[in-house]
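Copied from TrEMBL, the annotated features are:
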{"type": "ACT_SITE", "residues": "Asp68", "note": "active site, proton acceptor"}
{"type": "SITE", "residues": "Arg11", "note": "site 'Important for substrate specificity'"}
{"type": "SITE", "residues": "Thr69", "note": "site 'Important for substrate specificity'"}
{"type": "SITE", "residues": "Gln151", "note": "site 'Important for substrate specificity'"}
Amino acid sequence: MKLLLASNSPRRKELLEQAHFHFEIEPAKVEEVFDESLPIDEALMKVAQTKAMDVADVYPDYVVIGADTIVYFQGKRLGKPKNKDEAKRCLHALSNQTHEVKTGVCIIRDHQPYTFVETTKVHFRDLSDFEIDKYVKSGACMDKAGAYGIQECDFVEWIDGSYSNVVGLPMERICQFFHVRF
């Protein structure tokens, strides 16, 4: 089986490597369009499928994985912050609160898409202004949904669900899919 990851995410790459997948990387070249008119899970699956199909159309002999991860808080989607002020606002809002991390995944084999959404609840402890400022100044928040990476900060008090989902790919579900289907 030839496998392609339709993403440039170093975190997704690392998760697949840790699970001993042999794969190549071919990032999708489509613009991410999040359809706000759809229910959140459907919109996420649509983005993941658009990414995966973009690559699968060029590499039809490969199995392709596409994904999109968001933070969902108080009925709103929190993507990657546009600037440091937005990152600070986001982290202040998440402080001492519970939010959801949702990853839409699409795996395509022989032009047949398999899509799902994995949801993990995450609760932040109370964050000080100093901690938020220090983290934002480090720049680590800028390329991550919700302005944080669980693997590089100690903001999380507890999670309910898949840790790897919060990093960027729900590996339990992906490994199960490949075990059952291949």
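Including glycine, each Cβ sits where the backbone N, Cα and C put it.
Shown on the structure are the features that TrEMBL records.
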residue	record	Cβ contacts under 8 Å, 6 or more apart
Arg11	site 'Important for substrate specificity'	Gly149, Gln151, Val167, Gly168, Leu169
Asp68	active site, proton acceptor	Glu32, Leu44, Val47, Ala48, Lys51, Thr103, Gly104
Thr69	site 'Important for substrate specificity'	Val101, Lys102, Thr103, Gly104, Ala145, Asn165, Gly168
Neighbour count (Cβ, 10 Å) for Gln151 (site 'Important for substrate specificity'): 14
